[in-house]
Every structure is written in C-alpha cells, then in structure tokens.
Amino acid sequence: MKTYYEKDANVELLQGKTVAVVGYGSQGHAQAQNLRDSGVEVVVGVRPGKSYEVAKADGFEVMSVSEAVRTAQVVQMLLPDEQQAHVYKAEVEENLREGQMLLFSHGFNIHFGQINPPSYVDVAMVAPKSPGHLVRRVFQEGNGVPALVAVHQDATGTALHVALAYAKGVGCTRAGVIETTFQEETETDLFGEQAVLCGGVTALVKAGFETLTEGGYRPEIAYFECLHELKLIVDLMYEGGLTTMRHSISDTAEFGDYVTGSRIVTDETKKEMKRVLTEIQQGEFAKKWILENQAGRPTYNAMKKAEQNHQLEKVGAELREMMSWIHAPKELVKK
C-alpha cells in the first residue's frame, strides 16, 4: 500500500495558481477554507442561492461555475454525484483548457462514464475519508484526516504531484494519503454504503426492532436495544476495531456475538453481498440511479416517504426528546 505524507507533497506547486472549488456544501466549505489557510488562492463556483451567500459571507470570491473554471488552473468538482454531469456539460466542459487539472472527491461520474474530460487536462481524485465538518475541525486543530488519491488521466506528467499538493493544502498528508484508483474508490464506496453502512445497517436495525415489537415487546424498549445502543458499539469499533469493542462489552454480550452473529449474517447473506458487488462493478446500480434521477426520482421519493413513516422513526423522535445531550439538526439538508 503506497501512502503519502507531508514530506511527499509540496503545496508550493499550487502557488501562483488558482483553485476553483465547484460547490460549497459539506466538503466544499471545508476544502476551500483549508486550502485558503494553507496559502492557496481559492475561488468558489456556485449558482446563486444559499451556498453562494454562505461562501460570500466566508470571505471567498464567488462566481459562476463557468467563470470559476476559466479563472482557475485546478478545478475541484464537489457537487452531488447526480448534479455533476449536467453542470460539467453546461458550464465546465467548454471552458477547460490545456494543462488544467480536474479534481474529484468521488469517482462515480468518471468511472461510470458520465463525465469524459478532454485528453489535454489532468484528471485526479483527492477524497478525504471524513465528513466536511471533521475535515475542517481537525485541520484547525493542527492535524488532518486520511484521504485517498488517484490519477485517472495524466496529460501534463505532473498530475500526481499536483493532487498531492492539493491533499497537503487540505491537511490530509498530515494523517496519510493512500494511493488508489477511480475504479477501486468508486466500487468499494458504493458497496460499503449499500451492503454495510447504510443499506445493511438500516435493514438490520429495522428487522431487529420489528422482531421485538412483533414478539410483544414495547416499541420504546425495542428502540433502545436495536438502534440507540448501536452508537455505543460503533464508537468502540471506530476507536479500536472489533477487538476493542469485544473487550469493552460484557462477556455475556461477547459470547452472544460469537455464537449468534453468523446465524444473522449467513452464507446466503454473503452470497447476496457478492451479487450486490457484481451489480456495482457491472454498472447496473449506476444505470439505475442515473435513470431514477432522469425520471424525477419516483422510486426514491416513495421509498423515502415510507421509511420516514416507519414506527421506529416515530418512537425514536419521542425518545430523543428525553435526551438532553442530543442536539437535533435544525434543518435536514443534503450537502
């Protein structure tokens, strides 16, 4: 595994250049501010709206996406996956020029052919492995979060060096930047989201909750046992892996882990995981998601509404009112 650190990167490669950060959401605001604090000239490219006003209030020169691309030598695309291809075709593509670098923090649109940059620009990825607020906070504390780096197209012969300079400007080389490919990052990221982190976990939590309530147990108790306490376990795993988690729980819980876990996640579950991975690798999921967006998201919206009306959500909202240490978000906005 090739990993790059501070000594391997030179942020001075960005001196005299302008970086355009396209999008000012979770990653956009963090990367733009970290770069600025590292002495890099940054402009923000967004359309008029809330993000435009926030970026302006944060002291950035804010302009249209097309103007930002014309101004910059490095263009970082930090819009949501489903918006990138449209914005690229409408405002980025015709303004690219020889020797520029087009950067991404997720490989979806490049890997699945939704964006096809011209051969005369560098195409690379710097993907911090933390949400934007943590990228910013850890940087301000003098540290950094790990990241991935990949080069898809090296027109200038310096793509990796410039990408590492960008990673250093964001603070990621302080922790370590692991070399990967657009294919590996994209396929593993989608699989992790679908099979484990989002799809797998939410299905497991709901199934456990429903099993208890259907068995006659009160929904409030089922919520505590199947969702609320999940954070306690995940935090232990996050801090020290499975061994630390198992060391920290009771022996009864640990024994139950060993003898029961494989009855829940069975060989059939793993076979289904492999089918999910194959669908991702063959582009079936990407095609489904692209078509879903083109159709106005009918399936997405229907499933989202149904999930929000699940008994688990209603019970959870009531119980969280008892938890003074939980600060509910004022507004649920996708960044």
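Every residue, even glycine, has its Cβ placed from backbone N, Cα and C.
Here the structure is a predicted model, which means the values were calculated and not measured.
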- Task: Given that Swiss-Prot annotates Tyr24, Gly25, Ser26, Gln27, Arg47, Ser51, Asp81, Glu82, Gln83, Gln84 as NADP(+)-binding, name the residue from Gly99, Gly107, Gly113, Gly132 that shares the site.
- Result: Gly132
- Candidates Arg47, His106: member of the recorded positions with the richest Cβ shell (10 Å): His106
- Task: Measuring CA to CA, name the entry from the recorded positions His106, Glu193, Glu225, Glu229, Ser250 that ends up nearest Ser26 (NADP(+) binding site).
- Result: His106
- Note on the structure: For His106 (active site), the closest of the binding-site residues by C-alpha position, picking from Arg47, Glu193, Glu229, is Glu193
- Task: Find the one among the binding-site residues Tyr24, Asp81, Glu229 whose C-alpha lies closest to that of Glu193 (Mg(2+) 1 binding site).
- Result: Asp81
- Query: Reported as an integer number of Å, what is the Cα distance between Gly132 (NADP(+) binding site) and Asp189 (Mg(2+) 2 binding site)?
  - Reply: 17
